[in-house]
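Data first, discussion second: the structure below is written as structure tokens.
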Amino acid sequence: MKVNKMILSVENIGKSYGKQKVLHGVSFAIKKPCIVALVGPNGSGKSTLLNIIANLITPDVGAIEILGQTNRDYKVFQEFSYMQDNTVLYEYLTGYDHLQFIASVQKLRTDDIKAAAERIGTISYLDKKVSNYSLGMKQQLLLTMAILNKPKLLVMDEPLNGLDPTNAIKVRNLLLELVAEGTAILLSSHNLSEIDKVTSDVMFLKNGHLQQEDLKALEKVSYVLTVNHPENGEKILKEAGINILNRKGNRLTVTLSDSSINRIFRLLDDQGIAVRDWEKTVFGAEDRYRTLFGEPETAVK
Amino acid sequence: MLTFELKKIWRSRKIVLLITLLLTVIIVVYISNRESQENWKEEAFAQTDEYRSSIQVEEKRLMEELESGTLPGLEMRQEALSEVSRTLYEWRNEIYHENWSDYPEFEQAFIKGVRNYQEHGGTFDSLEGLKLEIAEAKTKWMVEHGIAYENEQYPLSPHLFLKDTSVFLFSLPGLALLILLFGNIEVMERESHTWRLLRSTPLHSRLVLLSKFVSLLIVVVFYVFIAIGTTLLLPILLGGGKVEWLYPIVVGDDQGFSIISFSAWLGRGVLIFACSIIFLFTLSILVGIRTVYSFPALSITFFIGLLGYVTADLIPFPYHAFTSLRWTEIVYSMPNGSDWKIVAVSLTCSAILLVLALFTPVSSTENRIASLRRFSGEKLTAGKRNAVKLAVFEWRKVKRLGLFRQGLILLLLAISFGYYLLHESAEKHRETYFDRVREQAEINLSLKKELLKWAEEAEQMSVETDAGNSGENNRTPADDMRETSRMYEVRHSIELDKIEAFEERDWRRFYANQFFTIFSSYRMTIGNFYNVGSGSAPVGIGTFNEDVSLAEKEWMMEHDVAPVFPGELAVSVRDNWGDHEKERRQWKAENRKVDAGGLFSIYHLLSSAMYLLPILLFVFLLGGGFAAERGKKRPIDFLLTQPVHPSSVFMGKAMNAVIAAAASMTGLYGLILLLGTIFYRFGDWSYPILYYVPEKIASGPDYGGMRSSGYGYGFIPLGDYVWQGIVLSLLSLAFLLILSIALSIFFRHTATVLALTFLLAGGGFYMARTTLQEMAAYLPFTYLEAGRILNGELATELNEPSIGFWTGAVVMALSIVILVVAGYCFLRSGYKIKRG
């Protein structure tokens, strides 16, 4: 029976720049295909950690293994992809040139390029030079490059950067598809609401220390109800012991601890209050982020 | 906006680089001058030696004239000559005591004496005509202003040092430096996409452009200030002394001269420089508007500037924009009111270019869509090895970037233009040669007629005096004259036969005539000597060149090769001109062979080391290696996160660079050959190229080659020289490229890598001739100067027979292999490439 290798093993990584210690004893592992998010404020060391995993930076201490091999072996890139920022692109080359090069060293066919490009939606501008790409187009090209070799481990640095909502949804769905196909994904992002939609495995990087959390345990589900009589509705639900988070206009935001949504609808209906619309939202990453890193300063009054 | 532009210039550190380069050059020149000043006194003496010789010649002549009879005024002349001799003695005494402050007075006294002697009917060959007038005027100026004598050849005084270095600071090198550093101020914005930031401000684009132009003017002012300031200050700080603003500068030519003060000369020079650099800056701005990258913008600017400089005389207007580029010619010409015309025209042209730039639409950065790609299902292996795949990728990058193509176009233009100039020069040399032949024929004919006339007169006088003036074998002076006249008759017919033989393409006859001319000129008579002082060695082309000239003709007769002009006399490094640099240069210029045939054109490229220019360009374009992947963008991170080892990336870069550059260089040689063959002729493979044999071989008992004046020599066929030179140049190219790419493993910035490469090459080249002479044969840097390797000049200079083509080829090839293997192994060992 074949023993599955650990997909990613990060052990006791430490890194300093001069006197500033950026990473302290960072350790984690990814054992199966899943999505793990790496979250932290600007300058917290996320990119440093990802670059260390990709062997672009050498840590001061610690070791990393990818699919059972040391990350220092360049051959790991046959099954591991690292989606970086767009500064790695050659401005004077076309998108196709980049993909062609990867396919060449990965021993793939032109059909593979076409399939990846179609999947991401980059085929229409592959023959243009990168210097003419918008930010979103560059991100999509980077994504195409990252999935071309159907990696078992995909590390992504801010993959949703610059994407419009349509493409952000596409990428989110793509990530979920990739996991289903057997790819483990480690991504860093600031887009907390998007992270919440794709994974509950979140690692917070604060002051160089890693804190892994399963947000499912911290998940708070809330419902936003649009009603015709919001004041009455609020009163009724409060009397029934339903937690009302806030009321804005004719919208009530409620959380359920041990009730079901059906109960709320029945309570309102019994009192003749119509529910015109409702939406479910999940609070998790943003709340936890606030707890760990504090409230952001108000920028605009 | 102007403040912003100046801040950008400052923060880009170009000013720091400019100051560093200026200081480096100034310090190097100063140190060199200081070392050369050690023999100042001896040089000052040497300058008066020729006067002493002239006095001796005149004394001898006066003695002869006195013996032949008392001619009126002879005693006065003798007195005048004695005065000249006395003043010279006193002058030399001042030199001996290094009394430089009184030197001009004593020099003036001597010059007055010479003038007085000439007025009394004497001649003074070494100081007459314009030379005497200049000396008079200059010493008068110096005495009037109380200025001491200074060493003008290797100056250390602030004013003369500035004059000396101004050729670099304010002429072509200074202009080129400023254009290189600041000429892309406009195009750089679009190249780095920062133009969008400027366009999103509430400022008109023309105002932005104007502020750039004004910032360039400020750079010019700064440059002039720094250049003059440092050049004046350095000698003051290191050697003391003061600036002599009134020091006399002689300007003019053979037609006339003028003495102007140093301050006036400097002012003139700065004005002309300012006009020329402003013109070039406006040209670079206009060119930059229509290009997208700095490289083509700067290249086009350089090309137009150089073209204008070289062809300035061909433009049918006396004053035009490019006139001001001929800085040296202008500042050393007599001021005649034309300066203001040059300034006016130059500034007007600059203004026109600026207005054009303001209203010319900017070139779009939108690129054409590259060729459509078909997804054919093919496997993209492009060869089994990663290194090959990477080489293909590197070539694709080179193609897409476009700079390589632009560089090649530039080279093609330069070669075509260079060939045109060579063709014109070759035609001119041929015409000049035959003009001289005809002139010489006429001279010989008139000498023959003159001698015959003298012979008749001598016979007549002999009959009248009834003097039995027969010498040995009853020969009379008239007989000698008739015989000499026959010799001139023969020479006359030989000269005419040269023309005929050339027209009939009878090369053997042609060379036979040349052989006779040389032999009769240098072997049958005393030769081309003039004596310099008593006891000095004869000065002239030297026996070596005479022998080589004769041997060359014999070779050419044997191989029946077509002539190259002028070609009668051979030019070598072994002459007898001694310290007479001016005469040596003139002789070399008059006798240097020039031909526009295919083979000979390549020979010119190799022997003049001009082939190094395309090599430098290719290293600049392709030698960035890993450093080119770093900077504002970091595609190196893309390469390092692919399943390819950095060593394969290194090999791919090396392969691509060497193949692309070598193929291009070969193509350029092919183009030169083609141009030469179409417009002139292919050339003779067997044409003789002089080869120097090192003393170690020439002095050996087994040496069976040719020898002259103790030096061994021979000839190698032109064809062999050319193919060997091509091979050595290609190996040099490959070596420098690999060296550069290997250095890029360790150094982050492309500029650093390229600078180090050139520094190592230059330093190694220098060390091979000095400190590491014993190892020179085994150093690759030795073989960077193919011309002097192939003709044995370097081997002879270092007396190392092993320095030659085959050793060079092996050493270069091995060095390339060692560098490649070292780079490969180093990366294989786990060395982490610096990301930037």
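Cβ coordinates are placed from backbone N, Cα and C, and glycine is handled just like the others.
Any TrEMBL annotation is an automated prediction that lacks curation.
Under the heading transmembrane segment, TrEMBL lists B:15-32, B:167-187, B:207-238, B:270-293, B:300-322, B:342-364, B:403-422, B:609-628, B:657-680, B:721-743, B:750-768, B:803-827.
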Two-stretch contact, the transmembrane segment (B:15-32) and the transmembrane segment (B:403-422), at least three Cβ pairs under 8 Å: no
Long-range Cβ neighbours of the transmembrane segment (B:403-422) (under 8 Å; 6 or more residues past either end): 293, 295-296, 299, 303, 307, 310, 594, 596, 601, 604, 610, 613-614, 617-618, 621-622, 660, 664, 668, 671-672, 675-676, 679
Selected stretch (most C-beta pairs under 8 A with the transmembrane segment (B:803-827)) from B:167-187, B:270-293, B:609-628, B:721-743: B:721-743
Cβ contacts under 8 Å made by the transmembrane segment (B:167-187) with residues that lie 6+ beyond its boundaries: 5, 9, 14, 17-18, 21-22, 25, 29, 209, 212, 215-216, 219-220, 223, 227, 231, 269-270, 272-273, 276-277, 280-281, 284-285, 288-289, 291-294, 297-298, 301-302, 305, 309, 325, 327-328, 357
Interface check, the transmembrane segment (B:721-743) with the transmembrane segment (B:609-628), three or more C-beta pairs under 8 A: yes
Distant-in-sequence neighbours of the transmembrane segment (B:657-680), which means Cβ under 8 A and at least six residues beyond its ends: 391, 394-395, 398, 404, 408, 411-412, 415-416, 419, 423, 426, 595-602, 605, 614-615, 618-619, 622-623, 625, 726, 729-730, 733-734, 737-738, 741
Cβ-based contact of the transmembrane segment (B:342-364) with the transmembrane segment (B:750-768), 3 or more pairs under 8 Å: no
